[in-house]
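Okay, so here's the structure we're looking at.
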Amino acid sequence: MSLKHFIQDALSSWMKQKGPESDIVLSSRIRLARNFEHIRFPTRYSNEEASSIIQQFEDQFSEQEIPGIGKFVLIRMNDAQPLEKRVLVEKHLISPNLTESPFGGCLLSENEEVSVMLNEEDHIRIQCLFPGFQLLEAMKAANQVDDWIEEKVDYAFNEQRGYLTSCPTNVGTGLRASVMMHLPALVLTRQINRIIPAINQLGLVVRGIYGEGSEAVGNIFQISNQITLGKSEQDIVEDLNSVAAQLIEQERSAREAIYQTSKIELEDRVYRSYGVLSNCRMIESKETAKCLSDVRLGIDLGIIKGLSSNILNELMILTQPGFLQQYSGGALRPNERDIRRAALIRERLHLEMNGKRQEDESI
């Protein structure tokens with residue numbers, strides 16, 4: 001299993017599954033920050049120390065298997081081309097920060113559900129991604145990977161403070177739990193403007209699709225905990241679970257209200273966006289995200305039939321600049337990317353609809 005295995009498909013195998021509440025919650029993520037006890041933090045360690053971390057993971061964890069999760073393979077960042085690294089970021093397998101780490105690495109499970117980032121902000125960052133609303137399941141998997149690593153690594157841990165991390169905001173549990181949610185109706189009704197400040201007051205933070213500093217394009221929001229100290233892992237996950245459940249309910253109510261009061265306007269918006277995606281000859285990534293959001297809403301409300309939301313998950317990744325260029329075989333100028341993106345969307349939508357039509361005719 002090589003790097004090519006992880007960059008050739010837009011959809012990770014876990015993304016092809018339908019999780020609970022997947023019309024609103026695209027994915028659930030658990031991330032655990034850990035550090036070696038006897039090695040200085042990445043802000044201060046030497047090149048030799050950084051290299052020793054990668055080497056230990058290559059020797060002791062690469063090509064090893066966890067029951068129920070699968071085999072892992074180690075990818076060194078300095079072995080990957082810039083475009084390949086960008087694709088891994090766009091698939092949410094690694095962070096943008098890791099791509100800039102000269103001694104960075106990533107231990108990836110075959111199904112891409114688990115990634116262990118090495119020499120990022122901390123020595124070790126365990127990430128588990130599950131489809132739909134499955135925070136508790138993701139937490140269970142993260143703990144399993146954490147225990148597996150701890151069998152061979154002594155973690156930096158303090159009885160009073162918990163796990164020690166490079167950034168003080170991660171000290172304690174070292175846990176970041178997050179859900180990625182598609183909230184178009186709350187945006188359309190502008191309820192999101194009062195909901196975000198209320199969420200922030202609960203010790204949670206709302207970000208865009210690629211985390212800190214990113215914009216919520218395509219009405220996709222990432223909601224995560226901010227506090228890691230003074231609360232148990234279970235409390236952190238349960239608090240986020242509770243808020244996400246309320247958001248699901250509010251989004252469903254807003255969708256129902258729009259459908260009941262502005263059905264024609266909503267259908268017009270959905271079909272216009274579908275028309276753009278089906279027929280455009282050039283399209284930028286931001287407009288693509290907006291149109292994909294409208295079409296996804298149309299599918300979820302039964303306005304558009306014969307189109308799977310899975311195709312939209314695929315297009316979300318496939319139309320990002322890195323994947324688009326990787327798919328096209330090399331670097332593209334911005335206008336070339338817009339032309340290629342439009343062609344790719346048309347091809348995939350027409351292929352999907354034709355496949356559905358043939359399926360219906362054969363029944």
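Just so you know, glycine gets a Cβ as well, placed from its N, Cα and C.
Per Swiss-Prot, the residue from the list R31, R176, R190, R348 bearing the note phosphoarginine is R190. Record check of R40, R44, R337 in Swiss-Prot: the feature phosphoarginine is attached to R40. Scan Swiss-Prot for phosphoarginine across R125, R194, R269, R281 and the hit is R269. Within the list R255, R357, the entry that Swiss-Prot describes as phosphoarginine is R255. Comparing CA positions across the binding-site residues S27, I30, R125, R207, the one lying closest to R40 (phosphoarginine) turns out to be R125.
For the pair formed by R125 (ATP binding site) and R29 (phosphoarginine), distance between Cα atoms is given as 12 Å, rounded to the nearest Å. For the domain 'Phosphagen kinase C-terminal' (24-254), the predicted model reports an average pLDDT of 93.
DSSP assigns R269 (phosphoarginine) to a helix. Between the CA atoms of R272 (phosphoarginine) and R346 (phosphoarginine) there is a gap of 14 Å.
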